[in-house]
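Here is what Swiss-Prot says about this protein:
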{"type": "BINDING", "residues": "C24, C204, H230, E234", "note": "Zn(2+) binding site"}
{"type": "BINDING", "residues": "K265", "note": "ATP binding site"}
{"type": "MOTIF", "residues": "26-36", "note": "motif ''HIGH' region'"}
{"type": "MOTIF", "residues": "262-266", "note": "motif ''KMSKS' region'"}
Amino acid sequence: MKLFDTLTQEQKNINKEVINIYSCGPTIYDYIHIGNARPIILMDTLIRFLESEGIKVNFLQNITDIDDKIIEKAIQENKTEKEITDKYLSAFLQNLKDLKIRMPDKLIPISEKISEMNLFIDDLVKLEAAYNVDGDVYFDIQKFSDEYGKLSNKKINDLISGNRVEIEDKKNNPLDFSVWKKTEKGITFDSNFGKGRPGWHTECALLIDEYFKGETIDIHSGGIDLQFPHHENERIQFIAKHGKEISDIWVHNGHLTINGEKMSKSLGNTMTLTNFLANYNSDILRWIFLTTYYKQPLNINDDLIEQANKFIQKINNLSKKIKQLLIENKFVKTNQFDEEIIKQFKIHMKNDLNTSRVLTLLEDTLKDINKLSTLKEFDDLFLKINSLNYILKTLGLSININTFVSDEEQNLFLLWKKIVSEKDFEKADEIRKVLISKGIL
């Protein structure tokens, strides 16, 4: 399988029996928005496919439950920080459930790893990769000037001269980032450097270091907005401690816009995932994300939502048609697949998750199924139905062409047809409502 690596700017092969993956989780001070769902569904799609190929995946994700934004939200709502994090962690977990996400093997709130964070930062100081200034600890960028900026293709001097960083007198270099913040605001923790809180950029580096025992992981994923400075700073800390890359492949997905505009509170177009899922089926969002190469920007609008609805409706309509065929005809269903369809699916997925080509394959297969069902060519029909359902399931979509008909459903459908032929329309209408609820009409 090939995936595009942000660091080397080329596709890299990944052919292993065990694959280790890390993805940055949310800061739980608010509901996540639908843009945050893109990397979640991207990794879910990748992991589901890898596991369908018999590959073991170890998937780790963090939860940032210590942050200035959490403190500010607690003050705004006159609540404790724990009340804020409990509320939004619960909402996030419900979002994952509603999206039918394959849960990470480990989902770790960073507040559970303070002592480990303390030791990690202490190691950086001992290696002279970080320095302590009156209880504030900063990473020393200049010690790694040959490496820093490679992931985001940025040069240190350009960043400084462009006035894009805040100048602090206590830092050796204005780009030096905080790995331990001295503060008395909000919940604080004891450390070798005094009371304070760990820096955001150090969380992920620590978890990868600990969970994967200092080894380079296979895939690190996240949105393009995290590429700099967050991922750049993660990478440099791991290099400082171990002298090697934190990840073999960096997978970054593109930005998401709503009706051509970036989501922002000032424009009033921010859509939380909770609100989206209250109005639309989770398959709608999955289908939308599958339409576009994951590295490209994606614009969500009413037309795209309508296209997703039409795709789902095609599946549902065909499912009804197939159920009726099963009731009215005697034949033995095959459990086999159309080998060419499955082959093409795997080719597209292994080519840097080319899901837009997979959707084209699904559309073509739906046309074939519709044609074969009309012709009643049952052997080929069910080869294609089985293949379609396999792909839909592997992509994490909950829709499928239902090929199971119970005796009750069969008897009810035949009774309905008999009553219609007898023109007892009132009774037929009652049965029709039941058949609609069962997905037969």
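From the backbone N, Cα and C atoms, a Cβ is placed for every residue, glycine too.
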Spatial neighbours of E234 (Zn(2+) binding site) that are distant in sequence (at least 6 apart) but have CB under 8 A: H201, C204, A205, I208, H220, I246
Under DSSP, is E234 (Zn(2+) binding site) helix, strand or coil? helix
Note: in the chain of H230 (Zn(2+) binding site), residues six or more apart in sequence with C-beta under 8 angstroms of its C-beta are C24, W200, H201, C204, G222
Run through the Cβ atoms and count how many others sit within 10 Å of the one on C24 (Zn(2+) binding site). 21
Can you count helix, strand and coil residues in the motif ''HIGH' region' (26-36) using DSSP? 3 helix, 2 strand, 6 coil
